[in-house]
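J.: Residues annotated as transmembrane segment in TrEMBL: 20-39, 51-68, 130-147, 159-181, 201-219, 273-294, 306-339, 359-379, 386-405, 425-442, 454-479. Residues annotated as domain 'Cation/H+ exchanger transmembrane' in TrEMBL: 32-478. Feature annotation from TrEMBL assigns compositional bias 'Polar residues' to 594-611. Residues or ranges marked as region 'Disordered' in TrEMBL: 594-619.
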Amino acid sequence: MDNELATEQEAEESHRQDSVSLLTFILLLTLTILTIWLFKHRRVRFLHETGLAMIYGLIVGVILRYGTPSTSGHDKPFSCSQEDRPFTTLLVNVSGKFFEYTLKGEISPGKIHNVEQNDMLRKVTFDPEVFFNILLPPIIFHAGYSLKKRHFFRNLGSILAYAFLGTAVSCFIIGNLMYGVVKLMKLVGQLSGKFYYTDCLLFGAIISATDPVTVLAIFNELHADVDLYALLFGESVLNDAVAIVLSSSIVAYQPTGENTHAFDAAAFFKSVGVFLGIFSGSFMMGAVTGVVTFTKLHCFPLLETALFFLMSWSTFLLAEACGFTGVVAVLFCGITQAHYTYNNLSVESRSRTKQLFEVLHFLAENFIFSYMGLALFTFQKHIFSPVFIIGAFVAIFLGRAAHIYPLSFLLNLGRRHKISWNFQHMMMFSGLRGAMAFALAIRDTATYSHQMMFSTTLLIVFFTVWIVGGGTTPMLSWLNIRSVCNCMLGKTPFSGGNLRSPTELDGPDSERRNRTKQESAWLFRLWYSFDHNYLKPILTHSGPPLTTTLPSWCGLIARCLTSPQVYDNQEQLREEDSDFILNDGDLTVTYGDTTITANGSSGPHTATTSLDGRRTKSSSEEALERDLGAADHEVTSRGTRLVFPLEDNA
C-alpha cells in the first residue's frame with residue numbers, strides 16, 4: 001500500500017514538473033513578445049527578437065541550473081559486462097514486478113558519480129525529434145508559402161548557384177579545415193575521443209545552414225534593396241534544404257573494408273546518389289502534395305483552413321516516413337500551394353492560412369531560440385574545446401568567403417544587373433547561423449564528436465545572432481546600401497540605390513514596364529508559358545480556358561479538365577506577396593488629379609499620363625507581370641502615401 005502511494009505521489013510530482021517546464025517556455029515567449037513591442041515602439045534595431053529570446057533563455061537556464069535543488073536520489077549503476085551494445089528499452093524485475101526503462105544516452109566513466117540529479121533540468125530537455133517533427137515544419141513551410149515570387153524568380157539562377165553549389169563548397173572547405181584542426185588537437189593532446197573525417201564533413205554540412213533571420217527582418221523594416229533581399233532570403237530558404245540532405249548523404253557514407261572512415265570512391269558516388277535521390281524525391285513529394293491540395297469547401301472556411309493546415313503538415317511527416325527529407329518536401333509544398341492552392345481558397349481561408357502560419361512560424365522560431373539559451377546550461381553533455389571553437393570560427397569565415405566571392409564573380413559574367421562589391425560584402429556579413437543548424441546538431445549527441453559539434457554550434461549561433469545581427473544596420477550604412485527609409489528621411493539622394501527621381505524614370509529605358517519579365521530567369525520564363533496556359537486552368541480557377549490554348553481536336557478533353565470557374569473569371573486571380581518591398585518600378589507619383597506609376601500606368605483619376613507609354617503589352621505579358629506582382633501599387637510607408645512633387649517645368 002505504501003509503495004502504491006509513493007508511486008502516485010511520484011506521478012503527481014512528475015505531472016507538476018511537466019506543467020512548470022511548459023509554463024516556463026510560455027512565459028519566455030510572453031516576455032519576448034512584450035519586449036519586442038517595446039523595441040518596435042522605441043525603434044530599436046541593434047537586437048532582434050531571436051536574440052532577445054536567447055538572452056531570456058540564458059537567464060532561465062542559469063536559474064534552473066544553479067538555483068533549483070536536486071530532487072531525486074542517486075542512481076545505482078548495474079554492470080552488464082556480457083553485452084556489447086546498449087539496449088534501447090530495458091525491463092527490470094524488482095521483487096516480481098517488471099519495470100520498463102528507456103535509454104537516455106552514454107555517460108563517460110569519469111562522470112559516473114556526477115550525473116545530474118535535478119529532475120527539472122531533465123524535464124526542460126526536449127527530445128530532438130520534437131524540433132524536427134513539430135517546430136521545424138511551420139518555419140520551413142512559412143518560408144515557402146510567403147515567398148516573394150517576383151524578386152525570387154528574377155534572381156533564380158543566382159539563388160540556385162548560391163544555395164546548391166555554394167553550400168557544397170562551404171561544407172567541404174569547413175570540413176577539411178576542421179579535420180586539420182582535429183589533427184592539431186590530437187597532436188597537442190586536446191582530443192580525448194574519436195573524431196573522424198566524416199564527422200568533420202558532417203559538421204561542415206550542419207554549420208553551412210544559414211539563417212539570416214535578423215538581417216532579413218531589418219532589411220524588411222528598412223525596405224532595403226530588393227535584389228539583395230531576394231538573394232539572401234532565397235539562399236537561406238534553399239540552403240536549409242540542401243544542408244539537411246547533404247548531412248544525410250554524409251551519414252550514409254559507408255566505405256567497404258576494415259577502415260570504415262577512409263575514402264572510398266564507390267561509397268562517395270553512392271553518397272552523391274543518395275543526395276540526388278533524397279532531394280529529388282522530397283521535391284517531387286512536396287510539389288505533388290501541394291498540387292493535390294484541391295479543396296472545395298468554400299462554404300466552410302474553418303474546415304477549409306483546417307484541411308489545408310493538416311495537408312501541409314502531413315507532407316513533412318509523409319516524406320520522413322518514406323525515407324526522404326521533410327524539410328525539402330514541406331518547403332516546396334508551401335511554394336506550390338502558394339502558387340496553385342491559394343487561388344482556390346475562399347477569401348476568408350486565404351487570410352486565415354497566411355495569418356495561421358505566420359503566427360506558428362513566429363512562435364516556433366522564438367521557442368527554438370529560447371531553448372538555445374536554455375540548453376547552454378541545461379544540456380548535460382557539453383564538450384567545449386577552445387581550439388575547436390576558434391578553428392570553427394575561422395573555417396566558417398573562410399568557407400563563407402569561398403562561397404560568396406568566386407560565385408558572385410562567375411554569376412556577374414552572365415547577369416545584366418551585376419552583384420556589386422557592396423552587396424557581396426553584405427552577403428558575406430549576413431551568413432548567420434540559426435534554427436536549422438541547431439536542430440541538425442542536437443539531433444544526434446550520442447558520441448564525443450557530436451557533443452563537441454553541438455556545443456560549438458550553440459556558441460556560433462549566439463555570436464552570429466547577437467554580434468553579426470546587431471551590426472546589420474551599421475554595416476548597411478558603412479557599405480552605403482540605400483534603403484527607402486533613408487531616402488524618405490533625406491539621407492540619400494533619389495538618384496542612387498533602388499529609388500530614382502521621377503524625371504530619371506523617363507529616358508532611355510523605354511522597356512521599363514517589362515523589366516520584371518525580362519530580368520526573370522530564362523528557365524522561369526520558359527516554364528511560365530506552360531504553367532500559365534495549361535497547369536493554371538487545370539489546378540486553379542484562373543488562367544485562360546484550355547479550349548483557347550489546346551488544339552481544336554482536344555476540345556472534349558479541354559472542357560473536361562478546365563475548371564468551370566475559369567470561364568467566369570475574366571481577370572486572373574492575383575497572388576500577393578505577404579510583405580511588400582519597394583522597387584523602382586513601383587513608385588507612385590501624384591500630381592493634381594493624376595496618379596502616375598513608374599511602370600507606366602496611371603491611376604483612376606481624371607487625366608491619364610504615362611512616363612513610358614510607347615508600347616502596349618500583350619495579354620500574356622500582362623499576365624506574367626500580374627503573377628509576379630508587378631502590377632500597379634500605391635506605395636505606403638507607415639500609413640503615409642509616398643508622393644513626389646513635380647517641378648513646374650516638368
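Placed from the backbone N, Cα and C atoms, the Cβ positions cover glycine too.
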J.: As a test: from 201-219, 359-379, 454-479, pick the stretch that has the greatest number of Cβ pairs under 8 Å with the transmembrane segment (51-68).
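T.: Result: 359-379.
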J.: Quick check for me: are there 3+ Cβ pairs below 8 Å between the transmembrane segment (454-479) and the transmembrane segment (386-405), leaving out pairs under 6 residues apart?
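T.: With 3 or more qualifying Cβ pairs, these stretches touch.
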J.: Going along the chain, which residues at least six beyond the ends of the transmembrane segment (130-147) come within the CB cut-off of under 8 Å?
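T.: For the transmembrane segment (130-147), the nonlocal Cβ contacts are 236-237, 240-241, 312-313, 316-317, 320, 326-327, 330-335, 337-338, 353-354, 357-358, 360-361, 364-365, 367-368, 435-436, 438-439, 442-443, 577-579.
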J.: By a Cβ-Cβ criterion of under 8 Å, what residues six or more beyond either terminus of the transmembrane segment (273-294) are in contact with it?
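T.: Same-chain residues near the transmembrane segment (273-294) but 6 or more away: 241-242, 245-246, 248-249, 252, 307-308, 311-312, 314-315, 318-319, 322-337, 340-341, 344, 539.
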J.: Mind checking which residues of the chain, 6+ beyond the ends of the transmembrane segment (201-219), have their Cβ under 8 Å from one of its Cβ atoms?
T.: 45, 48-51, 167, 170-176, 178, 228-229, 232-233, 235-236, 239-240, 243-244, 246-247, 250-251, 365, 392, 395-396, 399, 430-437, 440-441, 453, 456-457, 460, 465, 468-470, 472-473, 476
J.: Which one of these stretches, 20-39, 159-181, 306-339, 425-442, has the most C-beta pairs shorter than 8 Å to the transmembrane segment (386-405)?
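T.: Stretch with maximum Cβ contacts: 159-181.
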J.: Residues sitting near the transmembrane segment (306-339): Cβ under 8 Å, six or more positions beyond its termini, same chain?
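T.: Same-chain residues near the transmembrane segment (306-339) but 6 or more away: 132-133, 136-138, 140-147, 149, 237-238, 240-241, 244-245, 248, 278-279, 281-283, 285-287, 289-291, 293, 295, 297, 345, 349, 353, 356-357, 436, 575.
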J.: Are there residues at least six beyond either end of the transmembrane segment (425-442) with Cβ under 8 Å to its Cβ atoms? List them, or say none.
T.: 50, 128, 131-132, 135-136, 139, 205-207, 209-215, 228, 231-232, 235, 240, 243-244, 247, 327, 365, 368-369, 372, 375, 396, 400-401, 404-405, 408, 450, 453-454, 457-458, 460-461, 464-465, 468-469, 471-472, 475-476, 479, 481
